[in-house]
Amino acid sequence: MSQDNATAPTSNFLRQIIDADLAQGTYADRKDATGQPIPPVVTRFPPEPNGYLHIGHAKSIWVNFGMARDYNGRCHLRFDDTNPVKEDTEYVDSIIDAVHWLGYSWSDAGGEHLYYASDYFEQLYGFAEVLIQRGVAYVDSQSAEQIAANRGDFTRPGTLSPFRDRSVDENLALFRDMRAGKYKDGEHVLRAKIDMAAPNIVMRDPVLYRIRHAHHHRTGDAWCIYPMYDFTHCISDALENITHSLCTLEFENNRPLYDWVLDHLRDAGVLAAPLPHQYEFARLHLTYAITSKRKLLQLVTEKRVDGWDDPRMPTLVGIRRRGYTPESIQLFCERVGVSKADSWIDMSILEGAVRDDLDARAPRSVAVLDPVKLVLDNVPADFNEPCSAPVHPKQPELGRREFPLTRELWIEREDFTETPPKGYFRLFPGNKVRLRYGYVIECTGCDKDAAGNITAVHANIIPDTKSGTPGADSVKVKGNIHWVSAAHALEAEVRLYDRLFSDPQPDSGDKNFLDALNPNSKKIVKAFLEPTLATAKAEDRFQFERHGYFVADRIDSQPGKPVFNRVVGLKDSWGK
């Protein structure tokens, strides 16, 4: 989002940390290798390109890019592409597109700040040799299963590897042979030599490098050993002059290893202070949604949804296709805020953000989603009277839209009943209602087919009651229904999306998340729309009066033949 559209930032513990660093000049007066000044606040967003970003990533993007923006710093986009088996350029492209869609940029006066961890493979390898030479890293020849079994748990310490005391020369020779491709996958790993009795299991001689004979999306087959995330991440931060490495709470236990690697490399003289520091904030737990990549992939592969960009998915491509705006995502993040404690955020907050955003900007229109014909019997067959309504009731400068009132109309099936319940003010025989922006009418009856289904409703116009005329209030009515001209309406496909899950925490505990799928999360209807919608372009958003907010589908919608997705209803239908 542009800074012009950003609201005043709310104070939180991350801002307090940054404010203190600025006051102390922790990262002041730095210059890069070319002599260019480095801002005192440099953050980064480092996704692994092994899937599509989801709403949880949006919060991390907002935090990292937003902090950099608010402090006139910069934020880097860095791909943590150290696992060639799971990564693909498809995901790289989708992540770049998603961050751009959210309105953020990684460019500044110093150029583009788009990076890949694979850019640093040679340097990372060199740093690994430095740790070996300092006697704090060793090649372990145990199997992955043995390493896991010997790591211990929270009740017992780990067991030292029988290969832990190899000499520096032997470790260097083995590590270089690993790089040269002389060993099979899993035959050796490089581990840090820290403390196998550490209370924090992360610090029990973590693996730094593993052998993986796999094609990398950028480096091809140049490498057959790849660094682990914990080794790569902190060094990449240091090489890019990151100041504040902001990540979610699941990495809290990894922070000591982050510091351990950087401290050893600083002491070896290959990295210089001031070094970056990692800080953790609460990740986003959204009700009625899942964000596990494995489970999202299962939904896609089992065809429980229509792909990664299914509008019911929590992926950013799905949320975008649903009709959410970048501004609504930012508003949602602002309302959720930044804290140190994990908590569940109700889906209604996300829906409320897009509802508030679109209420302020979306043009109004009319759509009949479950149509039944209404015949006005006391006007001629060629009756055609122009009606108009504001494009937006709070923005008169946008003008008015015009549409015809004719003898035959489409109305919502639920707006007529033969036997009205108490409090029903819409059409039933003998009752009067107003046709929105048109006349007051009185219902006279209905037609049915042989099965008893209502095929048409009949009514008479009450003259001199048209909206906007002196006689508009001459007949008092309680009901007001919307309509479109049967002769002029635009027929279109409308997809009524709802929450994908009916359980607020579908994968908590030992639940099978598939059991919580909402069978009513998608309904496709043939609707009749106000004819002005024929010119709707992909991603144009509207309020369909009395129904909610809708968007022209960015993939399937065509000029003159739009397809609309429901973004959100006018009110929260899930509230207790």
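Each residue, glycine too, has its Cβ placed from N, Cα and C.
Here Swiss-Prot has E48, P49, N50, H54, I55, G56, H57, A58, K59, S60, R283, L284 binding ATP, and the candidate from T82, T89, T243, T248 in that same listed site is T248. It is 290-294, from the ranges 70-74, 110-114, 290-294, 555-559, that Swiss-Prot records as motif ''KMSKS' region'. Looking up the ranges 47-57, 157-167, 498-508 in Swiss-Prot, the one annotated as motif ''HIGH' region' turns out to be 47-57. In the three-state DSSP scheme, L284 (ATP binding site) falls into the coil class. A helical conformation is recorded for H57 (ATP binding site) in the three-state DSSP classification. For the motif ''KMSKS' region' (290-294), the list of distant contacts is 50-51, 54-56, 284, 314, 501, 506-507, 513: same-chain residues at least six beyond its ends, Cβ to Cβ under 8 Å. Counting same-chain residues at least six beyond the ends of the motif ''HIGH' region' (47-57), those with a Cβ under 8 angstroms from any Cβ of the stretch are 79-83, 86-89, 91-92, 94-95, 98-99, 217, 229, 248, 283-284, 286, 289, 291, 293, 296-297, 308, 313-317, 319, 329, 350.
Using DSSP to sort the residues of the motif ''KMSKS' region' (290-294) gives these counts of helix, strand and coil: 2 helix, 0 strand, 3 coil. Residues belonging to the motif ''HIGH' region' (47-57) score a mean pLDDT of 96 in the model. For Y229 (L-glutamine binding site), the nearest neighbour among the listed binding-site residues (E48, I55, H57, L284), judged by C-alpha distance, is E48.
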